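Chemist: Attaching a single structure in structure tokens format; questions to follow.
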Amino acid sequence: MKILRISRVGIVAKPNSEEAARVALDAGRFLSSRGIEVIRPAELAKADGCGPNPPPADLVVVVGGDGTIMRTAQMVGSTPLLGIKVGARGFLCETIPEEAIATLTRVLEGKTYLEYKTKLSVALKGRQLPDALNEALVTSARPSKIIRFSVSADGKTIHRGMADGVIVSTTTGATAYALSAGGPIIDPGLDVIEVVFVCPLHHGVRPVILPPSARVEVTLLPGSSGGLLMLDGQVSVDLEDGEKILVEKSRSPAVFLRTAPVDFYDKVRKSLNMGFEG
């Protein structure tokens, strides 16, 4: 296990949640009692991972669900994250409120290791957008409307057609929206880029798994009447017909602090209510 030297810890809590605020306060008090400097989101926001200065925190404790973690990951770059699950979805979280202090104790004792997760670099019209931990979604800007699109990888066309949307996902995102749209569960040991078509007009269209080196281009074709680009459900950008979105593996991974190995498939079964037969 890797010993992470920790002197400053950022704490981010899920907005408008009394439970998250309480757990965050308890965690902050515990860390302060151990001589750790605790910093808050306003200061963390200065560290977007893109500037010449290193992030101000050695670790960021995120109290909330997967949405809070994804928002924080966009804010702090590759600073290690430790999630405390408060909410319905906490697939990326390390612990629960009842075990938070015990987990933080293990962290301060150095009984941890780092887990690296690929993020997606997304560019539109030459402008770099925030990295996505789960997925980039191209969909219609108007409910019930479909889009016309083409998808290529390294210059080779994968599909050209109509659908409710196109998802470009990481391995991490494979158990999120991509799974709901019909994509497969992908073992976390595989570093891939997945393309999933949301309700395609032709039922024969299937998800595509690409190597991590692939450069994926999604073009919104004329006749779509505009579209919307969503990154992790957190960032949205309006699209015009003819615009191209370039998606590829980011140079900056998301980093999670772990205190104990997890059985991925056991976690998937419990999170998705997948039972055993026989």
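Placed from the backbone N, Cα and C atoms, the Cβ positions cover glycine too.
Sequence annotations record features per position, and here TrEMBL assigns active site, proton acceptor to Asp66. The annotation NAD(+) binding site is assigned in TrEMBL to Asp66, Gly67, Arg71, Asn134, Glu135, Lys145, Asp164, Thr175, Ala176, Tyr177, Ala178, Leu179, Ser180, Gln234.
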Chemist: State, in Å as a whole number, the widest CA to CA span among the NAD(+)-binding residues Asp66, Gly67, Arg71, Asn134, Glu135, Lys145, Asp164, Thr175, Ala176, Tyr177, Ala178, Leu179, Ser180, Gln234 given in the record.
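Modeler: The NAD(+)-binding residues span at most 28 Å between Cα atoms.
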Chemist: Rounded to the nearest angstrom, how far is the Cα of Asp66 (active site, proton acceptor) from the Cα of Asp164 (NAD(+) binding site)?
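Modeler: If we compare the Cα positions of Asp164 (NAD(+) binding site) and Asp66 (active site, proton acceptor), the gap is 24 Å.
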Chemist: Per residue, counting other C-beta atoms within 10 angstroms of the C-beta, which of the binding-site residues Ala176, Ala178 reaches the highest number?
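Modeler: It comes out as Ala178.
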Chemist: Tell me whether Arg71 (NAD(+) binding site) sits in a helix, a strand or coil according to DSSP.
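Modeler: It is helical.
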Chemist: Got a sec? Which of these recorded positions, Asp66, Ser180, has the most Cβ atoms within 10 Å?
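Modeler: Checking each of Asp66, Ser180, the winner is Asp66.
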Chemist: Under 8 Å Cβ to Cβ from Glu135 (NAD(+) binding site), same chain, six or more residues apart: give me those in sequence order, or none if nothing qualifies.
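Modeler: For Glu135 (NAD(+) binding site), the qualifying residues are Leu120, Ile167, Val168, Ser169, Thr170, Gly173, Ala176, Tyr177, Ala178, Leu231, Asp232.
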Chemist: Roughly how many Å lie between the Cα atoms of the residue listed as 'active site, proton acceptor' and Ser180 (NAD(+) binding site), rounded to a whole value?
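Modeler: Answer for this pair: 16 Å between alpha carbons.
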Chemist: Non-local Cβ contacts of Arg71 (NAD(+) binding site) (under 8 Å, 6 or more apart, same chain)?
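Modeler: When sequence neighbours closer than 6 are ignored, Arg71 (NAD(+) binding site) has Asp232, Gln234 within Cβ distance under 8 Å.
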